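Okay, so here's the structure we're looking at.
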Amino acid sequence: MQPPFLLFALVNALICSVAAAPPANVPISLAVSALEQSALVTDQRHGANTCGRLNKKSCDPNSTGGGWCCSEHGFCGTSNTQIDRFPTDHGAIGNGQLYCGKGCQDKYGKCDLGDEKNRPPKVQFCGPKHKDQHCSTGDCCSTDGLCGASKDFCGAGCQAKFGKCDENKKAAQQKCGPTHGNKKCPTGQCCSHAGNCGTGKDFCSVPFNCQRKFGLCDSDHIPAGYNMSTDPRRQKGDVQYGKIITRCNVPRSIALTFDDGPSKNTEELLNILKKANAKATFFIAGNTNGKGPIDGKEKWTKVIERMIEEGHQVGSHTWSHPDMDKIGSDARKTEMFKNERALANVLGKYPTYMRPPYLHCTETPGCLADMRSLGYHVISYSHDSGDWLHPDDLQKMKEGVDRALMETSQDGNMLLIQHDTIQKSAIELTKHVLQKARERGWNVVGIDADFFHLAMPVGQCLGDEPEFWYREPVWTTPATRAKKGCVVSGDHFCGKIHHFNDRKMCFESNHHCHKDAARCKKDAHTDKAACQRMERICNMQFLYCTECGKSKQKDSKNKHKCETKHFMVSKYD
């Protein structure tokens, strides 16, 4: 039997050899084919990690040259023979067969990864922001430290040290931003925070990826409908506008608030709240983190509608999440107007409650004065869950909440801030908070679960009536209303405008409008004032249909298009 040191020397000799057959003094059990030898040489070229019985090391898929499987010959490699193939002197060979197949050492890594159920999860985060973690083999590490295989991950800004990169696409990217002579991107492209032009989430999403001054950004999108800057902002209720609110007024209450949504976690969060008979306030950001505009995707409009249907409160967290103290008055108001428009497009109304991003809204730069002029209650918190500081550490979140509750008297209250974009906070911490509120007996006003709320919206904890939580737009654009929205509503009546996109369809829509108004007037149970208002709107539409599409100039661009979204209806007419 060969001593261990001789076996190790023989393996090294095999790796370095380029001969087609093993040397005569090598035992047959250690012999490998020329194809395998070439693959092993390629391992060395690619910096593959060593592992296994000889050095007692296990494979680390997050290290450079690593992988899930430890091969028979002591090298770490990838698992997927279909995707990750590398060239050898004898042609391409799937390294999954060499690493994860016959002879794979399961004590030092994973094996038999052809079975999907046995395949470990891919690494999601990478780079300096995530402890220098390396992506799974075959994935690229984006400029933002996310692992993936699309051009957004593998192109401009790709971090080659922590994953694969597409060098050709990377080299072709145009540079931009202050580190590249203040160059701007071509029309339609965004400037990433790394100074590369492109499209997609890694380039265009706000607030962290896109440089707004050097190209397009998601924040530049304008929701459909008129700008609500002319809407009157009368005082609604007794809660003060433009003042930072940090505490509830109702004793023995807890107000749950969630920022930055909606997100992939929101549906499950709503399920948890519904099961616990708890209500919350959602401070919604209009177009952040690459999710797209909230009024433009059905998955977001549905979840926002569900919030209202199930008794929750919706507030504004601005359109694109800027620091409100660091931008001018016009920019601040635009942030609010855009989010108002998008929320009105979904709900037919917009909030009087807002929470500034980063909790930055003070008197000196004029932010609070602007919020007063727009009629907003500015909501802060009495306790920060800290979920944004340690998003993966549920225990720290729980300890912080428990400590705050211990320091709060039994007749006190809490205004808690969380983020429904952070999974552990939105799901697990919320369950914990609700359990603690239940143990304290807070918000319980009855014995049967149907007669109490375990937590309440901010408006309720301030003693503000729900009718004061929102405003209705002065002008209603039928095209931008939710499907269930009514241009005119009254007892037993919902007046709608049929959508149109040319002059002929406009008159057809108007015909339906007059029929609905006439039917309303004949019905003994309907609100006659609503019927009369609907009739006035129908007359307005008829005049619009006769004029739209016309132009004294030949240039078609100057025509007033016959489209529903351009027909404005005042709720005071």
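Placed from the backbone N, Cα and C atoms, the Cβ positions cover glycine too.
Keep in mind that what you see is a predicted model, and the values were worked out from it rather than measured.
Copied over from TrEMBL, here are the features:
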DISULFID  CYS126-CYS141  disulfide bond
DISULFID  CYS135-CYS147  disulfide bond
DISULFID  CYS140-CYS154  disulfide bond
DISULFID  CYS176-CYS191  disulfide bond
DISULFID  CYS185-CYS197  disulfide bond
DISULFID  CYS190-CYS204  disulfide bond
DOMAIN    123-167  domain 'Chitin-binding type-1'
DOMAIN    173-219  domain 'Chitin-binding type-1'
DOMAIN    252-445  domain 'NodB homology'
SIGNAL    1-20  signal peptide
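Annotated features, which come from TrEMBL, shown on the structure.
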| residue | record | CB count, 10 Å |
| --- | --- | --- |
| CYS126 | disulfide bond | 28 |
| CYS140 | disulfide bond | 26 |
| CYS147 | disulfide bond | 25 |
| CYS154 | disulfide bond | 22 |
| CYS176 | disulfide bond | 28 |
| CYS185 | disulfide bond | 23 |
| CYS190 | disulfide bond | 27 |
| CYS191 | disulfide bond | 29 |
| CYS197 | disulfide bond | 24 |
| CYS204 | disulfide bond | 23 |
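For the pair CYS141 (disulfide bond) and CYS185 (disulfide bond), the Cα-Cα distance reads 23 Å.
Just so you know, the Cβ of CYS141 (disulfide bond) picks up 28 other Cβ atoms within 10 Å once every protein chain is counted. Per-class residue totals from DSSP over the domain 'Chitin-binding type-1' (173-219), listed helix then strand then coil: 12 helix, 10 strand, 25 coil. A sphere of 10 angstroms centred on the C-beta of CYS135 (disulfide bond) encloses 27 other C-beta atoms. Among the disulfide-bonded residues CYS126, CYS135, CYS140, CYS147, CYS154, CYS185, not one has its Cα within 10 Å of the Cα of CYS204 (disulfide bond). Residue counts for the domain 'Chitin-binding type-1' (123-167) by DSSP state, with H, G and I taken as helix and E and B as strand, are 11 helix, 9 strand, 25 coil. CYS191 (disulfide bond) has its Cα within 10 Å of the Cα of these disulfide-bonded residues: CYS185, CYS197, taken from CYS126, CYS147, CYS154, CYS185, CYS197.
Regional average pLDDT for the domain 'Chitin-binding type-1' (173-219) in the model is 94.
For CYS147 (disulfide bond), the nearest of the disulfide-bonded residues by C-alpha distance turns out to be CYS140; the candidates were CYS140, CYS154, CYS176, CYS190.
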